[in-house]
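Peer 1: Just lifted these from Swiss-Prot, have a look:
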- Asp11: active site (ACT_SITE)
- Asp130: active site (ACT_SITE)
Amino acid sequence: MLAKRIVPCLDVRDGQVVKGVQFRNHEIIGDIVPLAKRYAEEGADELVFYDITASSDGRVVDKSWVARVAEVIDIPFCVAGGIKSVEDASRILQFGADKVSINSPALANPALITELADKFGVQCIVVGIDSYFDAETGKYQVYQFTGDESRTKATQWETRDWVLEVQKRGAGEIVLNMMNQDGVRNGYDLKQLNMVREVCHVPLIASGGAGEMVHFADAYQKANVDGALAASVFHKQIINIGELKQYLKEQNVEIRL
């Protein structure tokens with residue numbers, strides 16, 4: 001059985017790590033490289049970096065910090081932000097990233113998923129999905145441009161259908177960003193994760209809602225996700241990654257210590 005992954009997420013804006021609540025009101029957390037180094041030393045299995053305004057600003061992630069991160073950590077890391085072409089992805093991978101993640105650009109041009117998978121292999125291609133539960137309709141809807149409050153908008157895709165579509169096109173992994181839970185620390189949306197897990201046959205990473213160690217255990221054991229991504233609990237040192245891994249091992253979760 002493959003070990004479950006713990007994945008700190010660093011949202012990047014203007015060269016600094018920031019964190020919002022439900023994708024709004026971002027506060028500055030600190031500099032990218034020292035945080036990345038700290039998480040790697042604490043025992044993170046992987047890191048994810050989102051340049052959160054790259055897509056809405058119509059630019060590609062700033063590559064200068066990608067190279068600096070690659071120099072100081074020895075764990076895999078994934079980079080997202082405005083990657084719209086094979087050339088964009090190639091440059092980020094050349095700078096040292098192990099994977100690229102696409103979100104809004106995949107919604108604008110679904111064929112991009114296939115192009116990237118064909119060129120770099122599916123293991124390099126992650127699709128991020130920003131999913132919002134609309135209480136009025138009772139549906140999970142995919143959103144676009146969520147890094148910019150003024151431009152974020154619903155798409156025509158329901159989450160389950162988009163999960164099926166991106167797999168068909170070559171996604172090697174899916175990160176499900178559950179917008180209603182983001183930064184609230186009340187736990188991952190297990191109902192939504194189970195709905196997606198039923199139709200997701202590639203590694204699935206839960207994102208949005210981690211507040212306590214038990215939330216990680218629940219995601220692994222009750223929704224069978226492959227990894228759990230979190231930001232604020234790590235940034236604010238509410239949870240230490242080494243201690244979290246020890247706790248998960250005691251809960252009989254397969255984890256790398």
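Positions of Cβ are set from backbone N, Cα and C atoms, glycine also.
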Peer 1: Using a 10 angstroms cut-off on Cβ to Cβ distances, just flag whichever of Asp11, Asp130 is the loneliest among these active-site residues.
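Peer 2: Counting other Cβ atoms within 10 Å of each of the active-site residues Asp11, Asp130 gives the minimum at Asp11.
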Peer 1: In whole Å, how far is Asp130 (active site) from Asp11 (active site) when you measure between their Cα atoms?
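Peer 2: Asp11 (active site) to Asp130 (active site), Cα-Cα distance: 14 Å.
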Peer 1: Could you check what DSSP calls Asp11 (active site) once collapsed to helix, strand or coil?
Peer 2: strand
